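Here's the structure, in structure tokens; my notes come after.
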């Protein structure tokens, strides 16, 4: 492989996509590590004593949940500045902010110090996780886009699992190292991001939006491992330009979104798409996952009655189960489609929380003779919950906003308190939420599996119905025929430019493109002849 003087160290095609995936997956692994590591930190004796928060449930909750406030601020920052900075610069700035937050956390000796570190790290993480999925989706082929983003989210689980085992292992280490070293290990992922992101291509769709067409064309060709004259590359460029131009003509300002402008001012259904993307993330966050991702050791200690060491061990074992079952989503995210994965997962999660609610109720019931047995049995349903979540809700709610939104739009505090004050009733909340998600997805969420990002833009331009369950174009798990025919028509048109372009079209689509192209050429020649006569 040649490196000197070549773009991206000579990487093209699948290898270039692979390294973009490595960078994006590292970003999500860091997010997963951050999700899991603090759950082990907050049950560490030295941490509680150093910060003086042992027995202060409210303050423990605040220190933990304030991270998500930072994530919200970071995501908003990516939304506001991401289109100006681009995908790569946003991730690099977010990574730098995260590194500052990591230093503040592992060097903390007081609650204010730790809170500042949590907020700063959250801001960086919010910027990164709001940007990595769009970057991946905008540099991936339609057939691979879903799989690659699901792989990213599986790496998120791998980071979560790693953090559980790291905190479990370091729980045997005396003193501050038991929690400071796990927090410092975030720098492994931060260094990988610094070593990969700067050398990889920018999103070609973002470049088109900025009018940098030549750069975008070269990157599209590199990603496809072909030349810029390839009719498929030219078709992609035409589709992206059309979507970008259409969006500019029908652009919606932020204040118009807030006012709920409709009609011509609604343009490409921006408000609806924004709500669908936000809704997918809302469903993930309110499925009850944060009860267990941040607080599973606390849940197992407080609700089930396990010792600290057993709670840590079970949390670590569960994370491995979670990781293994989440891999089921990789081969099936395109085959089953986004809608089915969300609906089936939500139904399974609802069932698990229903059983957990009943079992914890009997565990806490005074005088019930089998309380210990029901408490231990409930652990199986915490594990099973992660199976359903890993298959459906871990990846799709991140994938869906990256697909559904137009170019310019791509860019936990209650758990310990709730467990102590509500007891078994606390789990009813998550049972109800998960049950409600099934009809929501069925009625309102169009399918995106197999579609190019421009197919999705075209769907929202041409279909205004909010209810989608009767629309075959919206619910088919396979790419609709109308989009395939449109793409082939455009490729055929671009293949008529010269013999080399025609040859590339035949390589990609087979002899039928050659035959059809020849027929079109004959018709064109016949028309010219008749006009001359």
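The backbone N, Cα and C atoms fix where each Cβ goes, glycine too.
Residues or ranges marked as compositional bias 'Basic and acidic residues' in TrEMBL: 521-533. Under the heading domain 'Major facilitator superfamily (MFS) profile', TrEMBL lists 20-533. Summarising the annotation, TrEMBL assigns region 'Disordered' to 514-533. According to TrEMBL, the transmembrane segment annotation covers 12-33, 65-84, 148-173, 179-200, 342-362, 382-401, 422-445.
Ranking 12-33, 342-362, 382-401 by CB pairs under 8 A with the transmembrane segment (179-200) puts 12-33 at the top. Averaged over the domain 'Major facilitator superfamily (MFS) profile' (20-533), the predicted model reaches a pLDDT of 80. Ranking 12-33, 148-173, 342-362 by CB pairs under 8 A with the transmembrane segment (382-401) puts 342-362 at the top.
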